[in-house]
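Q: Relevant sequence annotations retrieved from TrEMBL are reproduced here:
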COMPBIAS  416-431  compositional bias 'Basic and acidic residues'
COMPBIAS  695-708  compositional bias 'Polar residues'
COMPBIAS  735-748  compositional bias 'Low complexity'
DOMAIN    762-875  domain 'Response regulatory'
DOMAIN    884-1000  domain 'Response regulatory'
DOMAIN    1030-1147  domain 'Response regulatory'
MOD_RES   811  4-aspartylphosphate
MOD_RES   933  4-aspartylphosphate
MOD_RES   1080  4-aspartylphosphate
């Protein structure tokens, strides 16, 4: 009820917000519009004012012209009539100038101009008066007029008027423009703000309503689940009650068996059944059958111990379910015919822990879990019924024997009575015997009464025991449910922690890299500390997941034939540097009698040893840490980790293997940690079928002993971990050698890495399937290769860097990353980019691999002939002395410069100027690389590439497009069908061209001239693949969006964001320039898998690269992503280096320099 009231109040608050906020927005709208109207009225007033000023100025100017015209007419004609306009305009002129001055009194510049006009007009009027007076006196007016005094004053007045009018017109235009601009921006800003606020209100309201709806749905789901559990319990109790009702009052085994089998087959939908009961001789005998075929009804009447599954189930006291029964195993008969059941359920029945019999039931459908649970529930009741019938049969048999004895006594009495006359003495004896027999009969009756009372007491005790068993079973189910809930909670919480941890690790890595250089050293150290702490938290999450998997029984083991010496050497390489940092002596010793290999799970064994050795180094401040490998008398392999550290108190030695427990659990403890390592090690040891023990003395050190069976089979009684004395001689040991530059991983496959490499050809196989890797390994030996095998991307890269093989065979689909990413990293590394790589995979990505520098591509499943052809191509490529390049360039000077750039002693260059010549050469010989210009005299470069794809050539070589003009997106997309290397000619393009040519020719970079090595280093220093690219990031978590956006934008990419599958599809329709999609799998609304399917269904996006971001890199997740249309996948938490590598693989290379 409280939940409902909370939801109602929450709903009212949502409703209030959704009504009040739009009303408030309406009020704000009205206020803004009133302000805009008031402003426009004010601006219109000023515009009107400017127009009046201009009109007045023009009128005054006109009056000035009329005065001048009247004066001139009078001076010329000497007619007073011409002075009329002059006299009329004179007074109006003064009034007009005064009015004009009042109008512009707020403008000091214009006021000054009016005053200048008044002053000039006054001077002109004085001049005009003098001329008129002179004319009236018939004086000479020509001379003063020629002096131009009046003209100069008039010109000055006109100029001043023009300046005045220009200024007013400018003011009028500025005010009009200002009014228009303010109005436009005000309305636009208000509309944009209203739209944003409206969208925000809609999204906020929708999120609140969705949250409220989710709470209602969760309550309904919980109620439905509770009802399902109640119906299940009611079904079990109803069947138990029916079975108890029909088995009551039956006094023999056959009717009891018949009734029980009829009820069970009817209630469980069985079609055939039988019941067996133990006899006094310990043999199972059939006491009832149901639904048998006529010819099988007499079979298996008696079952001897150990000769059938029924007797085995009875001995082991467990329910057995047989699936996929073979033909003829058992038949079901009816009047219409016969049939064979699909599955068989065998359940022992017991009473007070003692097996009373076995029930077999055949089904035409799979046995459900509730069927097993029901049989486990009713087995004690059926066993009690069988025990009661047997007890009643024994009582009846005893009663029959008593009656037989009574009858025999009566016969003897008759015989004695007949002989009584002859033998009186014998009669007395017989009477005494009769009396004795009567006493005996009384005793027998008393005994029968006691037995009946004991039977009643036994029934009461049986009922009490049954109730106690039900309670214990219920508590066991509750404990199992609580344990399962705990494991599920740990797994879910650990998974949920990965999402924020993912964004934290990405942002911390970006800060620690300090690519912009705006952080000081201390801030970089802070970021590195955050990144390290995040990785520690990730390891803790993995430990919690391991514990939950072990408790839930879902941790899968992968046993393999594991070389012990390589495991031990791997541990030594890992922990020797750590021991040196603490000035500890670290040593490893292997007993000569230790077998070369052990069958166990490599990952779990290394996890246990790493936990033990890391604890030893952690808790030892001085002295030594020693690891030993020996064999026990029972033939088990025993690992010992011995240290001279702080030791463990005796009362803590059993508790340290408990989860989240430490020997020092106080808040002031010296050493940190979660206490999970030893708990996980103990659980993993139990799964491996071994034992883990400890012996320790505080202050002297500790000895942990791990014992494992050599064959990997779980033994019923593993040998106890010996308690060895801990006092350890501090013998001086030699300091361990420095770790090599490339740390080679412990071998996960027994290959040839320990054999000398001198004088032999070496091939590296990177393949995650051990069976196929073994086939390639054996074939390599047949072809005289030294073979290395890496079962993962990381192991393969490490082997390539440390061993420098002559060739590489690479699978695309690897457990810890994409094979294309491995190929990209091999070609980015100057020390490995010359190694020829051939792809052997079941994924059809041949075009991508060849563009990245692979020499060939073979699809699985591959025949032996195909694999021999692969090795032949590798041999030809590695032994090829002359590399052939075809250069197609119409400009002779450009052709010569490219030849000089790539020419070398082992490079043969065929330079031609037309497409026809190029086609002729391609028909005649094989080229390792082709450089083509798009502008050719006889046909365009794109047409040449299209003809090459359709004609029968000797081979289609890797193509480098080297052109001088910019390309449109359509042209770029068309060229990418044939080439992933497109270079626009420019100042830095020769370095890029040299880099691409050395890649496809597999040239050893260290053998190039120093000048060319410098050019290659310079071009690789620029990561231009991200610049100008548009990436669509689809993720519903804002933290991941922020982190990944920051990482990608720091590389120059433009990022478009979608929150779910719907928004991703909408973005693709809206933004036409998207180069790649990063798609999260788990999202609300439409998840990433469905979104990728819909995108691929659209023909426009057939070639759009998509990389799926998965929660974990499990096999089924990878399969689902690739099946949905993803080109590749990436597991959380995201490693930025791997992300950048995948982006380089899938985004086409277009170099614009």
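Using N, Cα and C of the backbone, Cβ positions are placed for all residues, glycine too.
Keep in mind it's a predicted model, so treat the numbers as computed, not measured.
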Q: Restricting to the chain of residue 811 (4-aspartylphosphate) and a gap of 6 or more, list residues whose Cβ falls under 8 Å of its Cβ, or answer none.
A: 766, 767, 768, 769, 819, 839, 840, 841
Q: Please report the distance from the Cα of residue 1080 (4-aspartylphosphate) to the Cα of residue 933 (4-aspartylphosphate), rounded to the nearest angstrom.
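A: Between the alpha carbons of residue 1080 (4-aspartylphosphate) and residue 933 (4-aspartylphosphate) there are 40 Å.
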Q: If you count other CB atoms within 10 A of each CB, which of 933, 1080 wins among these modified residues?
A: 1080
Q: Could you count the residues of the domain 'Response regulatory' (1030-1147) that DSSP puts in helix, in strand and in coil?
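A: DSSP composition of the domain 'Response regulatory' (1030-1147): 56 helix, 24 strand, 38 coil.
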Q: When the compositional bias 'Polar residues' (695-708) is classified with DSSP, how many of its residues are helical, how many are strand and how many are coil?
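A: Summed by class, the stretch gives 0 helix, 11 strand, 3 coil.
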Q: As a quick check of your reading of DSSP, tell me how many residues in the domain 'Response regulatory' (762-875) are helical, how many are strand and how many are coil.
A: 52 helix, 28 strand, 34 coil
Q: Under a three-state reduction of DSSP output, how is residue 933 (4-aspartylphosphate) classified: helix, strand, or coil?
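A: It is coil.
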Q: When DSSP states are grouped into helix, strand and coil, how many residues of the domain 'Response regulatory' (884-1000) land in each?
A: 50 helix, 24 strand, 43 coil
